[in-house]
Amino acid sequence: MISPVSAMPRSAHRHRPEATPYVDLTRAEWSALRDKTPQPLTAEEVEKLRGLGDVIDLDEVRDIYLPLSRLLNLYVGATDGLRGALNTFLGEKGSQSGTPFVIGVAGSVAVGKSTVARLLQALLSRWPEHPRVELVTTDGFLLPTKELQARGLMSRKGFPESYDRRALTRFVADIKAGKDEVTAPVYSHLIYDIVPGERLTVRRPDILIVEGLNVLQPALPGSDGRTRVGLADYFDFSVYVDASGEDIERWYLERFKKLRQTAFHNPSSYFRKYTQVSEQEAVDYARMLWRTINKPNLTENIAPTRGRATLQLRKGPDHTVQRLRLRKL
Ligand SMILES: Nc1ncnc2c1ncn2[C@@H]1O[C@H](COP(=O)(O)OP(=O)(O)OP(=O)(O)O)[C@@H](O)[C@H]1O
Ligand SMILES: CC(C)(CO)[C@@H](O)C(=O)NCCC(=O)O
């Protein structure tokens, strides 16, 4: 019989370290774990994958993303082994082959998660075991502007209720179930809306990366009050991209300034009017968007999901990853 905790000698209580499901690593400790994983990208390729305002270079790829690519390659192999065990058990009763490995990438607006997701796609597709890596962002499942306006949600864009969560979960479930072709709507930052009539098609990838603010949020209970299977329940691995609130706000404002000099000049840009006002007015507007929408969303909905990620990447003020926290239990 297992003895109850209260029956243990007092000293055993006192000296037991607090149980934590994570292992914390410095940049140097993590970097050493890349082992002999070769660097498959050139400086030009990294430049193409870099988002506006991000600073990822070959050193960052080597130190942070090669160990991650190696870890994920090991995870994919081990998950295939588990799938084989399940298939042996199930036999004719529903066994499945070619189930894609699904990775979620979460974090605030402007933290750089789309760069992380693109880098992972490029690195993971170089492994011969899983060359077909698809990337989708949850932006495509935002409700169209007309619908957001009708529901009074224009200033809640990015909050859980601004997405068609059921369609998003179904989309990932269908890909994981091995459907030949699964499609999703497409979002444009330029027009700040869903692109009418456009769809993205995903065809049986080896790995699917799902990037978005909301990917680790728990599912809403159904109308019968029961818990549902949510998006994150389909993940085999997840990454939370983290940084201090002040740093992210600064990155958001700087990106807005850069976009004001570039993309906002496009006649179709939703933000075009901010090219015609002073920089100060434009920055004040961006700060208002940050403080009234993106920051509360970070605090209330995104940051609380951090502990659910398999891996947390903590960036410093210059965008480089300084600390990592990996789930080990
Ligand atoms: N208003 C905009 N007009 C044109 N391009 C934009 C606009 N906002 C963002 N982008 C571009 O789209 C890319 C992805 O933006 P997105 O909003 O997905 O990033 P994010 O979620 O804010 O944060 P992250 O930087 O983590 O991806 C940005 O790196 C930027 O280059
Ligand atoms: C589309 C999202 C929700 C996420 O990418 C975000 O970029 C956004 O539009 N947030 C609303 C406030 C703003 O314009 O920054």
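Yeah, the Cβs are placed from backbone N, Cα and C, and that goes for glycine too.
A TrEMBL annotation is a machine prediction, not a hand-curated record.
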Range annotated as region 'Disordered' in TrEMBL, from 1-20, 21-40, 261-280: 1-20
Candidates near ligand 2 among the binding-site residues Gly107, Ser108, Val109, Ala110, Val111, judged by a Cβ under 6 angstroms: Val109
Count of other CB atoms lying within 10 Å of the CB belonging to Val111 (ATP binding site): 25
Annotated binding-site residues Ser108, Val109, Ser114, filtered by Cβ under 6 Å to ligand 1: Val109, Ser114
Cβ-centroid neighbours of ATP site Gly107, Ser108, Val109, Ala110, Val111, Gly112, Lys113, Ser114, 8 Å, sequence order: Leu213, Val241, Ile248
